[in-house]
(Lines of atoms letter the chains of each structure in order from A and count residues from 1; the text may use other names and numbers.)
(Lines give C-alpha, C1' and ligand atoms only; values in the text may rest on other atoms or scores of the structure.)
Protein backbone atom coordinates (compact mmCIF):
# COMPACT_ATOMS: atom_id res chain seq x y z
CA UNK A 1 0.00 0.00 0.00
CA UNK A 2 3.03 2.26 0.32
CA UNK A 3 4.85 3.66 -2.66
CA UNK A 4 8.52 2.81 -2.98
CA UNK A 5 9.41 6.09 -4.63
CA UNK A 6 8.15 9.62 -4.43
CA UNK A 7 8.69 12.11 -7.20
CA UNK A 8 10.03 15.28 -5.63
CA UNK A 9 8.76 18.57 -6.90
CA UNK A 10 11.06 20.51 -9.18
CA UNK A 11 11.53 24.24 -9.02
CA UNK A 12 13.47 26.64 -11.20
CA UNK A 13 17.11 26.56 -10.06
CA UNK A 14 18.83 29.43 -8.28
CA UNK A 15 22.49 30.22 -7.80
CA UNK A 16 22.81 29.44 -4.10
CA UNK A 17 21.12 28.18 -0.98
CA UNK A 18 18.55 30.81 -0.22
CA UNK A 19 16.02 32.17 2.24
CA UNK A 20 13.10 30.46 0.55
CA UNK A 21 11.10 29.72 3.70
CA UNK A 22 7.65 31.32 3.34
CA UNK A 23 7.77 33.18 6.68
CA UNK A 24 11.28 33.26 8.13
CA UNK A 25 11.61 30.72 10.95
CA UNK A 26 7.87 30.06 11.12
CA UNK A 27 6.73 27.03 9.08
CA UNK A 28 3.71 27.73 6.95
CA UNK A 29 1.11 25.57 5.23
CA UNK A 30 0.67 26.06 1.51
CA UNK A 31 -1.26 24.45 -1.32
CA UNK A 32 0.33 21.10 -2.16
CA UNK A 33 1.76 20.35 -5.59
CA UNK A 34 -0.47 18.31 -7.90
CA UNK A 35 1.48 15.19 -6.93
CA UNK A 36 1.10 15.28 -3.17
CA UNK A 37 4.17 14.23 -1.17
CA UNK A 38 4.20 10.85 0.55
CA UNK A 39 6.60 8.75 2.60
CA UNK A 40 8.71 6.27 0.64
CA UNK A 41 10.29 3.01 1.71
CA UNK A 42 14.08 3.19 1.97
CA UNK A 43 14.66 0.36 -0.50
CA UNK A 44 16.66 2.44 -2.98
CA UNK A 45 18.09 5.88 -3.53
CA UNK A 46 15.57 8.61 -4.28
CA UNK A 47 14.94 9.36 -7.92
CA UNK A 48 16.38 12.84 -7.30
CA UNK A 49 19.69 11.48 -5.99
CA UNK A 50 19.89 8.88 -8.75
CA UNK A 51 19.43 11.57 -11.37
CA UNK A 52 21.90 13.93 -9.70
CA UNK A 53 24.57 11.21 -9.49
CA UNK A 54 24.72 10.98 -13.28
CA UNK A 55 25.88 14.58 -13.41
CA UNK A 56 28.10 14.48 -10.33
CA UNK A 57 30.02 11.29 -11.15
CA UNK A 58 30.95 12.65 -14.57
CA UNK A 59 31.93 16.01 -13.09
CA UNK A 60 34.49 14.47 -10.74
CA UNK A 61 36.71 13.17 -13.53
CA UNK A 62 38.63 16.32 -14.45
CA UNK A 63 39.47 17.20 -10.85
CA UNK A 64 40.57 13.63 -10.17
CA UNK A 65 42.75 13.58 -13.28
CA UNK A 66 44.36 16.86 -12.25
CA UNK A 67 45.08 15.59 -8.73
CA UNK A 68 46.52 12.30 -9.97
CA UNK A 69 48.68 14.11 -12.52
CA UNK A 70 50.55 15.76 -9.63
CA UNK A 71 51.32 12.64 -7.58
CA UNK A 72 54.22 10.32 -8.25
CA UNK A 73 52.94 6.80 -8.81
CA UNK A 74 56.12 5.63 -10.52
CA UNK A 75 55.58 4.25 -14.00
CA UNK A 76 51.80 4.26 -13.50
CA UNK A 77 49.98 7.28 -14.94
CA UNK A 78 46.93 7.95 -12.78
CA UNK A 79 45.58 10.70 -14.99
CA UNK A 80 45.66 8.43 -18.04
CA UNK A 81 43.94 5.71 -16.01
CA UNK A 82 40.98 8.01 -15.33
CA UNK A 83 40.89 9.10 -18.97
CA UNK A 84 40.95 5.52 -20.22
CA UNK A 85 37.93 4.60 -18.07
CA UNK A 86 36.07 7.90 -18.37
CA UNK A 87 33.36 6.40 -20.57
CA UNK A 88 32.24 4.27 -17.62
CA UNK A 89 31.80 6.46 -14.55
CA UNK A 90 30.95 3.44 -12.38
CA UNK A 91 34.49 2.13 -12.91
CA UNK A 92 36.00 5.28 -11.45
CA UNK A 93 36.68 5.97 -7.76
CA UNK A 94 33.61 7.01 -5.77
CA UNK A 95 34.86 9.17 -2.90
CA UNK A 96 33.16 10.14 0.34
CA UNK A 97 34.51 12.56 2.94
CA UNK A 98 33.25 12.39 6.55
CA UNK A 99 33.90 15.16 9.09
CA UNK A 100 33.43 14.20 12.73
CA UNK A 101 31.80 15.98 15.60
CA UNK A 102 33.62 17.77 18.38
CA UNK A 103 32.28 21.31 18.60
CA UNK A 104 34.32 24.19 17.28
CA UNK A 105 37.41 21.97 17.43
CA UNK A 106 35.78 19.73 14.82
CA UNK A 107 34.72 22.67 12.66
CA UNK A 108 38.24 24.12 12.67
CA UNK A 109 40.25 20.89 12.36
CA UNK A 110 37.81 19.55 9.78
CA UNK A 111 37.89 22.93 8.06
CA UNK A 112 41.66 22.68 7.74
CA UNK A 113 41.33 19.24 6.16
CA UNK A 114 38.73 20.45 3.65
CA UNK A 115 40.95 23.43 2.93
CA UNK A 116 43.72 20.97 2.04
CA UNK A 117 41.38 18.93 -0.18
CA UNK A 118 40.01 22.01 -2.02
CA UNK A 119 41.66 23.04 -5.29
CA UNK A 120 40.46 26.62 -4.70
CA UNK A 121 42.81 27.00 -1.72
CA UNK A 122 45.95 28.99 -2.53
CA UNK A 123 48.91 26.66 -3.27
CA UNK A 124 46.79 23.53 -2.75
CA UNK A 125 47.53 22.32 -6.29
CA UNK A 126 51.30 22.52 -5.95
CA UNK A 127 53.46 19.42 -5.76
CA UNK A 128 52.82 17.44 -2.58
CA UNK A 129 49.41 19.02 -2.03
CA UNK A 130 45.94 17.46 -1.99
CA UNK A 131 43.80 20.12 -3.69
CA UNK A 132 41.13 18.63 -5.92
CA UNK A 133 40.07 15.73 -3.70
CA UNK A 134 37.04 17.73 -2.52
CA UNK A 135 36.11 18.42 -6.14
CA UNK A 136 36.56 14.69 -6.86
CA UNK A 137 34.25 13.58 -4.04
CA UNK A 138 30.65 12.49 -4.48
CA UNK A 139 29.56 12.88 -0.85
CA UNK A 140 30.50 15.09 2.11
CA UNK A 141 28.99 14.18 5.49
CA UNK A 142 29.11 16.10 8.75
CA UNK A 143 27.94 15.46 12.29
CA UNK A 144 27.55 17.86 15.22
CA UNK A 145 30.49 20.29 14.95
CA UNK A 146 31.23 18.77 11.56
CA UNK A 147 27.69 19.63 10.47
CA UNK A 148 28.42 23.29 11.27
CA UNK A 149 31.32 23.13 8.83
CA UNK A 150 29.33 21.39 6.10
CA UNK A 151 26.30 23.60 6.67
CA UNK A 152 28.30 26.81 6.64
CA UNK A 153 29.96 25.85 3.36
CA UNK A 154 26.69 25.02 1.62
CA UNK A 155 24.56 27.80 3.08
CA UNK A 156 27.19 30.23 1.77
CA UNK A 157 27.11 29.03 -1.84
CA UNK A 158 29.68 26.24 -1.43
CA UNK A 159 32.27 28.73 -0.21
CA UNK A 160 35.81 27.51 0.33
CA UNK A 161 37.10 27.46 3.89
CA UNK A 162 39.62 30.24 3.27
CA UNK A 163 36.81 32.58 2.19
CA UNK A 164 34.73 31.80 5.27
CA UNK A 165 37.80 32.29 7.43
CA UNK A 166 38.71 35.65 5.88
CA UNK A 167 35.22 37.00 5.20
CA UNK A 168 34.78 38.84 8.48
CA UNK A 169 31.02 38.31 8.46
CA UNK A 170 31.02 34.70 9.66
CA UNK A 171 33.28 32.42 11.72
CA UNK A 172 33.82 35.23 14.24
CA UNK A 173 34.28 32.81 17.10
CA UNK A 174 35.56 35.49 19.43
CA UNK A 175 31.87 36.37 19.69
CA UNK A 176 30.03 34.16 22.16
CA UNK A 177 26.62 32.78 21.30
CA UNK A 178 25.55 34.63 24.45
CA UNK A 179 26.51 38.01 23.03
CA UNK A 180 25.65 37.68 19.34
CA UNK A 181 27.64 38.84 16.29
CA UNK A 182 29.05 42.00 17.85
CA UNK A 183 32.28 41.78 15.82
CA UNK A 184 30.90 40.64 12.46
CA UNK A 185 31.95 43.16 9.80
CA UNK A 186 28.54 42.96 8.15
CA UNK A 187 25.94 41.78 10.65
CA UNK A 188 27.09 43.39 13.89
CA UNK A 189 24.09 44.01 16.11
CA UNK A 190 23.78 44.77 19.79
CA UNK A 191 23.18 42.00 22.27
CA UNK A 192 19.69 43.25 23.08
CA UNK A 193 18.68 43.21 19.41
CA UNK A 194 20.29 39.77 19.01
CA UNK A 195 18.14 38.29 21.77
CA UNK A 196 15.08 40.06 20.40
CA UNK A 197 15.64 38.37 17.04
CA UNK A 198 16.24 34.96 18.65
CA UNK A 199 13.11 35.16 20.73
CA UNK A 200 11.02 36.54 17.89
CA UNK A 201 12.01 33.73 15.54
CA UNK A 202 11.32 30.90 18.00
CA UNK A 203 8.14 32.54 19.27
CA UNK A 204 6.90 32.72 15.69
CA UNK A 205 7.27 28.97 15.33
CA UNK A 206 5.69 28.31 18.71
CA UNK A 207 2.77 30.69 18.15
CA UNK A 208 2.04 28.93 14.86
CA UNK A 209 1.36 25.76 16.86
CA UNK A 210 4.70 23.97 16.54
CA UNK A 211 6.39 22.53 19.61
CA UNK A 212 9.80 24.07 20.22
CA UNK A 213 12.81 22.88 22.20
CA UNK A 214 16.10 24.33 23.36
CA UNK A 215 17.49 23.15 20.02
CA UNK A 216 15.49 25.90 18.31
CA UNK A 217 17.33 28.56 20.31
CA UNK A 218 20.66 26.80 19.91
CA UNK A 219 20.31 26.41 16.14
CA UNK A 220 19.21 30.01 15.72
CA UNK A 221 22.16 31.41 17.70
CA UNK A 222 24.63 29.12 15.92
CA UNK A 223 23.42 30.38 12.55
CA UNK A 224 24.60 33.91 13.29
CA UNK A 225 28.17 32.56 13.27
CA UNK A 226 27.79 30.30 10.24
CA UNK A 227 25.45 31.89 7.68
CA UNK A 228 26.39 35.14 5.97
CA UNK A 229 22.94 36.71 5.99
CA UNK A 230 20.86 39.04 8.12
CA UNK A 231 19.35 37.53 11.28
CA UNK A 232 21.57 34.49 10.89
CA UNK A 233 19.85 33.39 7.69
CA UNK A 234 16.53 33.03 9.49
CA UNK A 235 14.75 31.94 6.30
CA UNK A 236 17.43 29.65 4.87
CA UNK A 237 16.29 26.05 4.42
CA UNK A 238 18.37 22.91 3.98
CA UNK A 239 16.21 21.80 1.05
CA UNK A 240 17.10 24.99 -0.82
CA UNK A 241 20.48 23.38 -1.58
CA UNK A 242 18.65 21.16 -4.07
CA UNK A 243 17.39 24.28 -5.88
CA UNK A 244 20.90 25.63 -6.48
CA UNK A 245 21.78 25.69 -10.17
CA UNK A 246 25.38 24.68 -9.43
CA UNK A 247 24.32 21.82 -7.19
CA UNK A 248 21.80 20.55 -9.72
CA UNK A 249 24.57 20.57 -12.32
CA UNK A 250 26.66 18.27 -10.12
CA UNK A 251 29.50 20.74 -9.56
CA UNK A 252 29.88 19.95 -5.85
CA UNK A 253 29.54 16.93 -3.54
CA UNK A 254 26.24 16.04 -1.93
CA UNK A 255 26.04 17.25 1.70
CA UNK A 256 24.74 14.88 4.37
CA UNK A 257 24.05 15.67 8.02
CA UNK A 258 23.41 13.06 10.72
CA UNK A 259 21.34 12.97 13.91
CA UNK A 260 20.30 10.11 16.20
CA UNK A 261 16.77 9.11 17.13
CA UNK A 262 16.07 8.99 20.86
CA UNK A 263 12.81 8.66 22.72
CA UNK A 264 12.75 10.73 25.95
CA UNK A 265 14.58 8.88 28.71
CA UNK A 266 16.05 6.31 26.32
CA UNK A 267 19.73 5.37 26.56
CA UNK A 268 21.53 5.13 23.23
CA UNK A 269 23.99 2.38 22.41
CA UNK A 270 25.48 1.94 18.95
CA UNK A 271 23.73 -1.35 18.23
CA UNK A 272 20.21 -0.02 18.71
CA UNK A 273 20.50 3.61 17.67
CA UNK A 274 18.49 4.72 14.67
CA UNK A 275 20.61 7.05 12.57
CA UNK A 276 18.71 9.79 10.73
CA UNK A 277 20.00 11.49 7.60
CA UNK A 278 19.31 14.95 6.21
CA UNK A 279 20.23 15.30 2.53
CA UNK A 280 19.19 18.08 0.12
CA UNK A 281 16.01 16.24 -0.92
CA UNK A 282 14.99 14.01 1.96
CA UNK A 283 14.99 13.26 5.67
CA UNK A 284 14.73 9.77 7.16
CA UNK A 285 16.64 6.64 8.04
CA UNK A 286 17.96 3.58 6.24
CA UNK A 287 17.89 1.55 9.47
CA UNK A 288 15.60 -1.44 9.94
CA UNK A 289 13.79 0.33 12.77
CA UNK A 290 12.30 2.83 10.29
CA UNK A 291 13.54 2.41 6.70
CA UNK A 292 11.67 5.41 5.34
CA UNK A 293 12.20 8.90 3.93
CA UNK A 294 10.11 12.04 3.55
CA UNK A 295 10.59 15.00 1.22
CA UNK A 296 12.64 17.46 3.28
CA UNK A 297 10.90 20.47 1.76
CA UNK A 298 7.61 19.32 3.30
CA UNK A 299 8.94 18.29 6.71
CA UNK A 300 6.44 19.74 9.18
CA UNK A 301 3.43 18.58 7.17
CA UNK A 302 0.90 16.41 8.99
CA UNK A 303 1.58 12.98 7.49
CA UNK A 304 -0.25 9.91 8.77
CA UNK A 305 0.16 6.37 7.47
CA UNK A 306 2.59 7.70 4.88
CA UNK A 307 0.31 10.23 3.22
CA UNK A 308 -1.28 13.63 3.69
CA UNK A 309 -5.02 13.44 4.20
CA UNK A 310 -7.27 15.36 1.85
CA UNK A 311 -7.40 18.94 3.02
CA UNK A 312 -4.01 18.83 4.76
CA UNK A 313 -1.67 21.55 3.54
CA UNK A 314 1.96 21.10 2.56
CA UNK A 315 4.08 22.82 5.19
CA UNK A 316 7.29 24.52 4.11
CA UNK A 317 10.02 26.23 6.12
CA UNK A 318 10.31 23.63 8.91
CA UNK A 319 13.70 22.49 7.56
CA UNK A 320 15.50 25.64 8.70
CA UNK A 321 19.22 25.13 8.11
CA UNK A 322 20.16 26.28 11.59
CA UNK A 323 17.60 23.95 13.16
CA UNK A 324 19.11 21.01 11.27
CA UNK A 325 22.66 21.94 12.29
CA UNK A 326 21.40 22.45 15.83
CA UNK A 327 19.69 19.06 15.82
CA UNK A 328 22.91 17.31 14.77
CA UNK A 329 24.72 19.11 17.61
CA UNK A 330 21.98 19.10 20.25
CA UNK A 331 24.47 18.04 22.92
CA UNK A 332 25.32 21.74 23.04
CA UNK A 333 21.81 22.58 24.22
CA UNK A 334 23.32 22.39 27.67
CA UNK A 335 25.26 25.54 26.80
CA UNK A 336 21.96 27.34 27.04
CA UNK A 337 21.61 26.14 30.60
CA UNK A 338 24.42 28.61 31.35
CA UNK A 339 22.09 31.37 30.20
CA UNK A 340 21.04 32.17 33.76
CA UNK A 341 24.62 33.20 34.47
CA UNK A 342 24.67 35.73 31.63
CA UNK A 343 23.14 39.12 30.95
CA UNK A 344 20.49 37.58 28.71
CA UNK A 345 17.08 39.26 29.01
CA UNK A 346 14.81 37.68 31.59
CA UNK A 347 12.24 36.89 28.90
CA UNK A 348 14.78 34.59 27.20
CA UNK A 349 15.73 32.91 30.49
CA UNK A 350 12.04 32.39 31.23
CA UNK A 351 11.49 30.79 27.81
CA UNK A 352 14.34 28.31 28.39
CA UNK A 353 13.07 27.53 31.90
CA UNK A 354 9.58 26.89 30.56
CA UNK A 355 10.90 24.33 28.09
CA UNK A 356 12.95 22.58 30.78
CA UNK A 357 9.92 22.51 33.05
CA UNK A 358 7.97 20.75 30.34
CA UNK A 359 10.49 18.13 29.22
CA UNK A 360 12.71 17.72 32.30
CA UNK A 361 16.41 18.49 32.47
CA UNK A 362 17.34 14.91 31.50
CA UNK A 363 15.84 15.56 28.06
CA UNK A 364 17.42 18.94 27.46
CA UNK A 365 19.36 17.56 24.49
CA UNK A 366 16.40 16.65 22.31
CA UNK A 367 15.14 18.35 19.17
CA UNK A 368 11.40 17.98 18.66
CA UNK A 369 10.00 17.19 15.21
CA UNK A 370 6.25 17.46 15.52
CA UNK A 371 4.26 16.46 13.58
CA UNK A 372 6.25 13.26 13.14
CA UNK A 373 6.28 12.59 9.37
CA UNK A 374 6.49 8.84 10.01
CA UNK A 375 3.51 8.68 12.39
CA UNK A 376 1.61 5.41 11.86
CA UNK A 377 3.74 4.59 8.84
CA UNK A 378 4.02 0.89 7.93
CA UNK A 379 5.13 -1.41 10.76
CA UNK A 380 4.80 -0.02 14.25
CA UNK A 381 8.02 1.05 15.96
CA UNK A 382 8.98 3.68 18.51
CA UNK A 383 9.50 6.09 15.61
CA UNK A 384 6.06 5.58 14.08
CA UNK A 385 3.86 5.23 17.17
CA UNK A 386 4.14 8.78 18.50
CA UNK A 387 2.96 12.04 16.92
CA UNK A 388 6.33 13.51 17.98
CA UNK A 389 9.76 12.49 16.74
CA UNK A 390 12.69 13.38 19.00
CA UNK A 391 16.25 13.54 17.70
CA UNK A 392 19.58 14.16 19.40
CA UNK A 393 23.21 14.92 18.59
CA UNK A 394 24.55 12.55 15.95
CA UNK A 395 27.51 11.56 18.12
CA UNK A 396 25.60 10.46 21.21
CA UNK A 397 25.86 6.81 20.13
CA UNK A 398 29.68 7.17 20.05
CA UNK A 399 29.68 7.04 16.23
CA UNK A 400 31.22 10.50 16.11
CA UNK A 401 32.30 10.20 12.47
CA UNK A 402 29.27 10.31 10.13
CA UNK A 403 30.04 7.10 8.25
CA UNK A 404 26.53 5.65 8.17
CA UNK A 405 25.27 7.44 5.03
CA UNK A 406 28.50 6.63 3.19
CA UNK A 407 28.23 2.91 4.00
CA UNK A 408 24.82 2.47 2.35
CA UNK A 409 25.36 -0.13 -0.41
CA UNK A 410 23.13 1.81 -2.79
CA UNK A 411 25.70 4.62 -2.82
CA UNK A 412 28.63 2.39 -3.84
CA UNK A 413 31.25 4.48 -2.02
CA UNK A 414 34.75 3.10 -2.58
CA UNK A 415 36.81 5.11 -0.14
CA UNK A 416 35.95 7.31 2.84
CA UNK A 417 38.30 10.00 4.09
CA UNK A 418 37.31 10.01 7.77
CA UNK A 419 38.50 13.14 9.58
CA UNK A 420 38.32 12.47 13.32
CA UNK A 421 38.36 15.42 15.72
CA UNK A 422 36.94 13.44 18.66
CA UNK A 423 38.08 14.01 22.24
CA UNK A 424 38.27 10.33 23.25
CA UNK A 425 41.29 10.33 25.55
CA UNK A 426 41.54 12.16 28.85
CA UNK A 427 43.75 14.63 26.98
CA UNK A 428 41.07 15.21 24.30
CA UNK A 429 42.63 13.41 21.33
CA UNK A 430 41.01 10.67 19.21
CA UNK A 431 41.59 6.98 19.99
CA UNK A 432 39.44 5.31 17.35
CA UNK A 433 36.30 5.03 19.50
CA UNK A 434 34.09 6.16 16.62
CA UNK A 435 35.41 3.49 14.24
CA UNK A 436 35.04 0.84 16.96
CA UNK A 437 31.43 1.91 17.57
CA UNK A 438 30.59 1.73 13.86
CA UNK A 439 32.26 -1.68 13.56
CA UNK A 440 30.40 -3.06 16.58
CA UNK A 441 27.09 -1.65 15.33
CA UNK A 442 27.35 -3.22 11.90
CA UNK A 443 29.55 -6.28 12.23
CA UNK A 444 30.12 -7.36 15.79
CA UNK A 445 26.73 -7.16 17.47
CA UNK A 446 23.96 -9.66 18.08
CA UNK A 447 21.26 -6.97 18.19
CA UNK A 448 21.97 -5.03 15.03
CA UNK A 449 19.71 -2.26 13.81
CA UNK A 450 22.06 -2.05 10.85
CA UNK A 451 24.36 -4.53 9.14
CA UNK A 452 26.35 -2.46 6.70
CA UNK A 453 29.68 -3.68 5.31
CA UNK A 454 32.54 -2.21 7.31
CA UNK A 455 36.21 -3.19 7.58
CA UNK A 456 37.74 -4.66 10.71
CA UNK A 457 39.33 -2.23 13.14
CA UNK A 458 41.26 -2.83 16.37
CA UNK A 459 40.29 -1.82 19.90
CA UNK A 460 40.98 1.66 21.26
CA UNK A 461 44.03 0.58 23.26
CA UNK A 462 45.61 -0.77 20.09
CA UNK A 463 44.89 2.50 18.29
CA UNK A 464 46.95 4.34 20.92
CA UNK A 465 49.66 1.71 21.46
CA UNK A 466 50.39 1.37 17.74
CA UNK A 467 50.11 5.10 17.05
CA UNK A 468 47.13 4.63 14.74
CA UNK A 469 45.48 7.63 16.41
CA UNK A 470 48.46 9.86 15.64
CA UNK A 471 48.76 9.45 11.87
CA UNK A 472 46.57 8.35 8.95
CA UNK A 473 45.76 4.64 8.72
CA UNK A 474 43.95 2.66 6.01
CA UNK A 475 41.35 0.07 7.05
CA UNK A 476 39.87 -2.46 4.64
CA UNK A 477 42.83 -2.63 2.26
CA UNK A 478 42.13 -6.29 1.52
CA UNK A 479 38.60 -6.21 0.16
CA UNK A 480 38.34 -10.00 0.26
CA UNK A 481 38.25 -9.70 4.06
CA UNK A 482 35.51 -7.06 3.98
CA UNK A 483 33.21 -7.81 1.06
CA UNK A 484 31.44 -4.70 -0.13
CA UNK A 485 33.08 -2.44 2.44
CA UNK A 486 34.78 0.79 1.42
CA UNK A 487 38.40 1.44 2.23
CA UNK A 488 38.46 3.83 5.19
CA UNK A 489 41.26 6.39 5.36
CA UNK A 490 41.33 7.35 9.03
CA UNK A 491 42.73 10.87 9.55
CA UNK A 492 42.88 11.63 13.30
CA UNK A 493 43.47 15.06 14.80
CA UNK A 494 47.09 15.36 15.96
CA UNK A 495 49.37 18.25 16.95
CA UNK A 496 51.55 19.46 14.08
CA UNK A 497 52.04 23.18 14.71
CA UNK A 498 49.45 23.78 17.45
CA UNK A 499 47.83 21.82 20.30
CA UNK A 500 44.42 21.53 18.66
CA UNK A 501 42.91 19.42 21.46
CA UNK A 502 40.78 22.28 22.77
CA UNK A 503 37.72 21.41 24.83
CA UNK A 504 34.54 20.46 23.01
CA UNK A 505 32.62 22.93 25.15
CA UNK A 506 34.92 25.91 24.64
CA UNK A 507 32.57 28.28 22.84
CA UNK A 508 34.92 31.22 22.13
CA UNK A 509 38.19 31.45 20.18
CA UNK A 510 40.18 34.50 19.21
CA UNK A 511 41.12 34.85 15.56
CA UNK A 512 44.73 33.76 16.08
CA UNK A 513 43.70 30.53 17.80
CA UNK A 514 41.01 29.85 15.19
CA UNK A 515 43.51 30.28 12.37
CA UNK A 516 46.15 28.13 14.10
CA UNK A 517 43.73 25.22 14.57
CA UNK A 518 42.59 25.46 10.93
CA UNK A 519 46.22 25.51 9.77
CA UNK A 520 46.98 22.54 12.02
CA UNK A 521 44.04 20.73 10.42
CA UNK A 522 45.57 21.41 7.01
CA UNK A 523 48.77 19.79 8.29
CA UNK A 524 46.81 16.84 9.72
CA UNK A 525 45.48 16.14 6.22
CA UNK A 526 48.74 16.78 4.32
CA UNK A 527 51.14 15.38 6.95
CA UNK A 528 52.65 18.81 7.31
CA UNK A 529 52.70 19.50 3.56
CA UNK A 530 54.50 16.19 3.10
CA UNK A 531 57.18 17.02 5.66
CA UNK A 532 56.39 13.92 7.74
CA UNK A 533 56.14 11.71 4.63
CA UNK A 534 56.75 13.05 1.13
CA UNK A 535 55.00 9.96 -0.29
CA UNK A 536 51.71 10.76 1.45
CA UNK A 537 49.93 12.34 -1.57
CA UNK A 538 50.79 9.28 -3.66
CA UNK A 539 49.68 6.92 -0.90
CA UNK A 540 46.37 8.73 -0.49
CA UNK A 541 45.92 8.51 -4.27
CA UNK A 542 46.49 4.76 -4.03
CA UNK A 543 43.79 4.45 -1.37
CA UNK A 544 41.40 6.42 -3.58
CA UNK A 545 42.15 4.19 -6.59
CA UNK A 546 42.21 0.84 -4.77
CA UNK A 547 38.62 -0.37 -5.28
CA UNK A 548 38.61 1.01 -8.83
CA UNK A 549 41.69 -1.09 -9.60
CA UNK A 550 39.72 -4.17 -8.56
CA UNK A 551 36.74 -3.33 -10.76
CA UNK A 552 38.94 -2.73 -13.80
CA UNK A 553 41.27 -5.70 -13.12
CA UNK A 554 44.24 -3.34 -13.00
CA UNK A 555 47.49 -4.56 -11.47
CA UNK A 556 48.27 -2.55 -8.35
CA UNK A 557 51.25 -0.28 -9.11
CA UNK A 558 54.44 -0.98 -7.19
CA UNK A 559 54.25 2.42 -5.53
CA UNK A 560 50.81 1.56 -4.17
CA UNK A 561 51.96 -1.81 -2.86
CA UNK A 562 54.65 0.01 -0.90
CA UNK A 563 52.13 2.55 0.36
CA UNK A 564 49.75 -0.14 1.53
CA UNK A 565 52.52 -1.77 3.55
CA UNK A 566 53.12 1.57 5.23
CA UNK A 567 49.57 2.75 5.88
CA UNK A 568 47.27 -0.30 5.97
CA UNK A 569 46.52 -1.73 9.39
CA UNK A 570 48.01 -5.21 9.24
CA UNK A 571 45.83 -6.81 11.90
CA UNK A 572 48.28 -6.41 14.77
CA UNK A 573 46.67 -6.03 18.21
CA UNK A 574 48.16 -4.59 21.39
CA UNK A 575 45.30 -4.25 23.84
CA UNK A 576 47.36 -3.47 26.93
CA UNK A 577 46.15 -0.37 28.73
CA UNK A 578 48.21 2.61 27.56
CA UNK A 579 49.39 5.41 29.79
CA UNK A 580 48.07 8.93 29.47
CA UNK A 581 48.42 10.15 25.91
CA UNK A 582 50.46 13.35 25.51
CA UNK A 583 51.57 13.73 21.88
CA UNK A 584 54.16 16.37 21.06
CA UNK A 585 54.16 18.79 18.14
CA UNK A 586 55.30 17.10 14.94
CA UNK A 587 56.57 20.31 13.34
CA UNK A 588 58.61 22.83 15.30
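Using the three backbone atoms N, Cα and C, a Cβ is placed for every residue, glycine included.
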Segment assigned the feature region 'Disordered' in Swiss-Prot (from 15-38, 39-62):
15-38
Find the average pLDDT over the domain 'PLA2c' (31-574) in the predicted model and report it.
94
Sorted by position, what residues of the same chain at least six away from residue 449 (N-linked glycosylation site) have a C-beta under 8 A from it?
271, 272, 273, 274, 287, 288, 289, 441
Tell me the Cα distance separating residue 228 (N-linked glycosylation site) from residue 167 (N-linked glycosylation site), rounded to the nearest angstrom.
9
Could you give the Cα-Cα distance between residue 481 (N-linked glycosylation site) and residue 41 (N-linked glycosylation site), in whole Å?
31
For a quick check of packing: other C-beta atoms within 10 Å of the C-beta of residue 88 (N-linked glycosylation site), how many?
10
